[in-house]
Every structure is written in structure tokens, then in C-alpha cells.
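As annotated by TrEMBL, NAD(+) binding site applies to A:ASP48, A:ALA49, A:GLU50, A:TYR51, A:ASP52, A:SER97, A:LEU98, A:GLU131, A:ARG154, A:GLU190, A:LYS322, A:LYS346. Look at TrEMBL and you will find A:LYS133 tagged as active site, N6-AMP-lysine intermediate. Per TrEMBL, Zn(2+) binding site is recorded for A:CYS440, A:CYS443, A:CYS464. If you look up TrEMBL, you'll see A:643-715 marked as domain 'BRCT'.
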Amino acid sequence: MTGHDALRTRPPEALTEEEAAAELAALAAEIAHHDRAYHEKDAPEVSDAEYDALVRRNQAIEGRFPELIRGDSPSRRVGSKPVEGFATVRHGVPMLSLGNVFDEAEFAEFCARIRRFLGLPAEEPLRFVGEPKIDGLSVNLLYEDGRFVRGATRGDGTTGEDITANLRTLRDLPDRLEGIAPRSIEIRGEVFMEKAEFLAFNAKQAALVEEQARRAAAGERIGERARVFANPRNAAAGSLRQLDPKITAGRPLKLFAYAMGAASEAPAATHWDWLGVLRGWSFAVNPLSRLLPDAEAAAAFQAEMTAERAGLGYDIDGVVYKLDRLDWQARLGFVGRAPRWAVAWKFPAEQATTTLLKIEIQVGRTGALTPRAVMQPVNVGGVMVQHATLHNEDEIARKDVRVGDTVVIQRAGDVIPQVVSVVPEKRPEDSAPFAFPETCPACGSHAVRPPGEVVRRCTGGLICPAQTVERLKHFVSRNAMDIEGLGEENIQKLYDEGLVRSPADIFRLSRHAERMRGWEGWGSRSKKGTEESRKVANLLAAIEARRRPPLDRFIFALGIRRIGEVNAKLLARHYHSFAEWREKMLAARVIGSEAREELGSIQGIGPTIAEALVEFFGEERNLAALDDLAGEAPPEPVAAPAAADGPFAGKTVVFTGSLETMTRDEAGDVAERLGAKVAKSVSKRTDFVVVGADAGSKATKAAELGVRVLTEAEWRGMAGLG
DNA sequence: GCACCTCGAGTTCA
DNA sequence: CTCGAGGTGC
């Protein structure tokens, strides 16, 4: 729905070069957007077929205009979503994530929760199966009538990529299940590379890279670039992503099977027996897995694995404990996306020590001053780390972090580095406590910290260059205006050159095309030639492609405090058009006015958020910038969600429990499009409660109040989802 | 008034 | 992903 549909219906041959460039830019942006919606937010906005149509359109145009293929073309991307080759696959049963515990007390709490839920006395032992948690790639293997028919990556848990051909090359994967097999069954496993194999393989890769470099220097053409991998996990992932199964076949990949997904019949009554069944079907099951009679045995097993960890042939980051009895598993169900009957007991995060070189203060788009540690680069768990957030003033004081200190760092939640503590013995004599600045490092304005709040904020607002640049970055970002090719660096450059000071300026950039072409790397043919000379044209095309933004994106892009994606959508849906919204916001500046009441009556908008909006509209310069922008890029009204009739029109619907075929958010979107109002909790004004797996009190309440309860299947039927 | 849930904002690295 | 804080229902 980007306004390019008219163009898209024309065959590529009928396009002028300029049109083609513009459409490729728009397609790249749109596909990237969907990739994100699909992967990161778990909320695809288009069907797979629509998505594929976009990709095919992109390929068709690229085929006709090969010289226009963009550096960021979706067809080149090797990132999250493979665009050629791999199809997407929906798992029969979602592939879940696991809750984590880090010590015996947390594990005991996990056990206590199970007992509470099942109503078991403390004496009743909980029998677990412990399985080393390998750091590899989860895959889902579908067998029908005993034959391997499809294999997929985990993906976002709901849908993954079809990598059947690659998986067939694994020696550990039986093509056929021996003996009695259910008509249809999904088997989950972990694909990984052993440490020794990884080192040998990576050495080969390194040699290959070197050789390619030599040949390139000699002017030879080289095809696919070889690469070295940072760790076994990445190597395994890279190997499974190969479009050519022959390459995968040459990689030393292993597979351990460990769980069952959707199955036409249950092949066992306990998890332990199930592992036995898998072995019988000649799957490799981790031989270290063990049946543990009670929680004490689990704790002992954890200690044992901690000791043995270093000596294992592969990397593990903890042990997974699963309640053995499948009937209990079924009763326990799920909280969110994680089962209540299993947990990952993680080893302590890998730590490293390094020196703190300095503490930088970053200024965010709302003026928040955030301290950031700059450290001597150090390897933590296979990744070089040199920055870590210090969160805020209090955090620095609490840990008494000082410049020059030797600090212990770790990567929390597998990714984000954090400073754990300082090593006081190694502190230089002349060190002083860090003095958090009380003025903005970018504009010198006062930075204030309201009582009771943690964040200190620059009061410079519109005059602060750092805030202005951050707001511009936010404006063009993916979920906002989504202007492809306008990243952080380019925005900074355009700001520094004085070409862009406000969002509206972006839409006037075409006036400065000549000047931009003169910049090094923008159009001046320095080294690489062709691609750079296209940069300005591509950028302008990408900007044009966004000249009619949907109102919700437009509102979000403004970067008003407390107005994120969700609240922006609420506002856009409620006020429908830009003019209406603008007028009502101005009127709402008067406390007690009708417009203010209306604003507060929107579900999800409370007094604080209303206040933030009113504050924005109370600033004359904001209003001027807003109108300037709306003149350049007038927002399109969002379609009114109301459907005049149908079973959900005008009804209030509550979704509860975890739905299998979609997330609650997705379901909510569908319901809204059908004219329903989606609420979070059940009251007597609720018309329908849609109950997913493991619904809790809301389902009970619905029954008490006599509200109509729908199963997921019934809901899908009524909503016309088939 | 309190507990729970959801949203916003900020952040790192390959 | 994680924290803080706002909104809403009990």
C-alpha cells in the first residue's frame, strides 16, 4: 500500500530508467520493512504470496536494468530473510523459547511453580530429563509416513525457512523412520559444528580468503567470496544457509534430536521414552542426556556439566531441564512463548576484564543523556567488544565506575555488553569519581533531572544539534518514514552541510542535487565508479517514494515524546485525517475542553501522554515545522477500521492465551479490520473472548459473566480466515 | 492502592 | 533485550 501499485502493474520493459530506479528504491525499502515486521516484530503485515510478489517484481526490474541493481538490493542480501531459494514454512506447532535460570535458588523457584500449578505436595519428586544446551541452530523436521519431507529453521518461532535440501545432506538425519512411525510428526533438533571441526574448517576458509585476495590483486575475477566465521555457531548457520546443498554437504555438521512438535499421535508417555523412540529411529540423541529422579539430581547434574563443559567437543551454554511426564507437560502449558515445564539453566555469562578508556555522553532524540563506556577492545564469548552502556548517572555511582579503572564486562542476554563491576585493586591512584555533566555536551544547555526520575535530559530542545540530528534519524528510520539510503551517516552529513535542518528539508533535497553530487563518495567518481554516481539519484527516488506517508507513520516519525508506534497508530485511527488530528490537538491545549476529553477517552491514551501531545503542539516552532512538513509530504488518512457488518462489527473482543496460528497482536489487527474493538481484559461489556492454549483467569471470568467464548478455530472461521 | 501488562526509548555487534 | 514508567483492571 505504498502508492506504487499503479507503477507495479507495468511490465519492466515499459519503465524508463528513472522510473525503474525509483521503483527499485521503493521495493528495497518496502521489502526491508516487511523483513523487519516479519522477523523482529513477529507480525507480518503481508501474506507470503504478497511478499514473494514484491521480491519477484524486484528481480524482474533488475533483470531488465542490471546497471541499476542497488548495493542494498533485496536480491543481494544474505541477511535475515533469504529472498531467492528458500521458501518460508509455517511450523505445525510453534518452536518455543525457554525461560532461563542461573542458580539453584532460581531453579528451586521454577520447581515450586510447577508444584503450585499442578497442586503437588513438596514431597512429590519432580522427575526431569537434563540435556546439554548446544549453541547451534534449531531445526524442525517434518516426517510423513516415515519419510523426511521437509526441514526448516526455527526462524521467529512461528515460521522458518525451508532448508530441506541442505538438511538432507546431514549424515545424522535419517531419511526414513525405521519401524512404526506416525502418519505425520515434527521432530526438533539442533544442528551444530564441533569445536575441532570448526577450527579445521575455518583454517581452510582463511587460506581460501587469502588466495582470493591474491587473485583479486592480480586482477583475476573471483566468484563467491569465502569468509571465516567468528564461532562454530555462525559457521553452522552459514553452512545451512547455502543455496547450493553441495556446499552444505562439504561442511562438518552434526545433528542432535531432542523434541517433538506437531504429531498425529504421541509416540511415548514420557520425554525420556520419547528420546528412546528417537534413538530407535536412528536419530542421534545427545548421549549426555540423563534421566534425573528429582530436583537434587538436577542440581548435581548441573554441577557435573559445569565441570565437564570445557572438555566437551562442542560449545554448550547451559543445560535444559524438561519435566519427564508428558501428561504433566500438557497440563502446565505455556506462559507467553515459553513452556512452564522446561527451563534452561544457563552457565554464568562469560566475562572478561579490560580497561575503561573514557566515558562518553550520548544525547538521544528526547534529550536523554546516556553514558557509554569506551574500553580497550576485548574478546567476550567470541565477539570483540569495546562499548558498553552504563545506563545512567545512578548506575555509575552505584558501581563507582571511574575512567582508568579495570572493569569486568559480560554480555547480558547473549548480546548486549554490560559493565559488571570494577576491580578496585587495579584502580590508578589519581582516579576520581565520574562527574556526570549537568549541561548538554552538544549544546551546553542545562541538563535537568526531574525528582524521582533516573534520566537527566538536555533542555535545549529544538536548538540542540544532537537532539535535532537524532530526531532526523528517527524521522527517516524504518518504522517511521522508512527512507532507504538515508542512514545515520548521511543524515549527519546533510545536517553538517546545512542542507537538512528539519524533516521538511529532506523533501526539498532535489534542489541541491548538483551540490550533493560534488561530495566525495556521493557522485564524484572517486574509486569505485558506477555505484557512487547513482547514489544521489537513488536517494532522491527513495525520498519521492515516501511523499505520501500513512498518517500513523507520519505521527510516529515526528518523534513526539511518549508517542511511539502504538500510540501513533491509536491517534491515526482515531482522528483519521491529518487535518482533523491537527485541529483537535490544538483545541486540546485547553484543559477541560471537549477535544481534551476526546483525547483522554482514547483507549490507551492517559493523562501523561495527552500532556506530552499538548506540550508539543503548544510550541510555536513545532507547529511551524509540522505544517512545513505536511505541505511537503501530506499524510494519507489511514483506512477507517470499521466494517459496517459482519459478526465482529462494533463488538468488543478479548484475546487470551497463546494462539497457535498467529500472535495476539496479529489477531487484534484482524479483529480491528473487521470493525471490532480489541480490549485486554474481560468485563460484562465484552462480546467475545477468544481463548488460546493455556488461557488463565480471563477464560474463567468469561464463563462467569456468560460472555461468549470462542476457540481459536471458531474465531478463524468467523473472521473468514479459513 | 496495588499488581500486571504494554509501550517507549536506548543500546551492541556481525 | 532490558529497564523504567504509564495505563488499566482488580
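Glycine is no exception: its Cβ is also placed from the backbone N, Cα and C atoms.
Unlike curated records, TrEMBL annotations are generated automatically.
With a 10 A radius on its CB, A:CYS464 (Zn(2+) binding site) counts 21 other CB atoms from all the protein chains.
Checked against A:LYS322 (NAD(+) binding site) by C-alpha proximity, the recorded positions A:LYS133, A:CYS443, A:CYS464 yield A:LYS133 as the nearest. Separating the Cα atoms of A:CYS464 (Zn(2+) binding site) and A:ARG154 (NAD(+) binding site) is a whole-number distance of 44 Å.
By neighbour count, meaning other C-beta atoms within 10 Å, the densest spot among the binding-site residues A:CYS440, A:CYS443 is A:CYS440.
Within the model, the domain 'BRCT' (A:643-715) shows a mean pLDDT value of 68, rounded to a whole number. Taking the mean position of the Cβ atoms of A:CYS440, A:CYS443, A:CYS464 as the Zn(2+) site, the remaining same-chain residues with a Cβ inside 8 Å of that point are A:VAL363, A:GLY367, A:PRO441, A:ALA442, A:GLY444, A:SER445, A:CYS458, A:THR459, A:GLY460, A:ILE463, A:PRO465, A:ALA466, A:GLN467. In sequence order, A:MET95, A:LEU137, A:SER138, A:VAL139, A:ASN140, A:GLY160 constitute the residues six or more apart from A:ARG154 (NAD(+) binding site) in its chain with CB-CB distances below 8 Å. If you count neighbouring Cβ atoms within 10 Å for each of the recorded positions A:LYS133, A:LYS322, the highest count belongs to A:LYS322. Straight-line distance linking the Cα atoms of A:LEU98 (NAD(+) binding site) and A:LYS133 (active site, N6-AMP-lysine intermediate), rounded to a whole number, equals 11 Å.
A:LYS133 (active site, N6-AMP-lysine intermediate) and A:CYS440 (Zn(2+) binding site) are 46 Å apart (CA-CA, integer value). Within 10 Å of the C-beta atom of A:LEU98 (NAD(+) binding site) sit 18 other C-beta atoms, taking all shown protein chains into account. Taking only the Cα positions, the spacing between the residue listed as 'active site, N6-AMP-lysine intermediate' and A:CYS443 (Zn(2+) binding site) is 50 angstrom.
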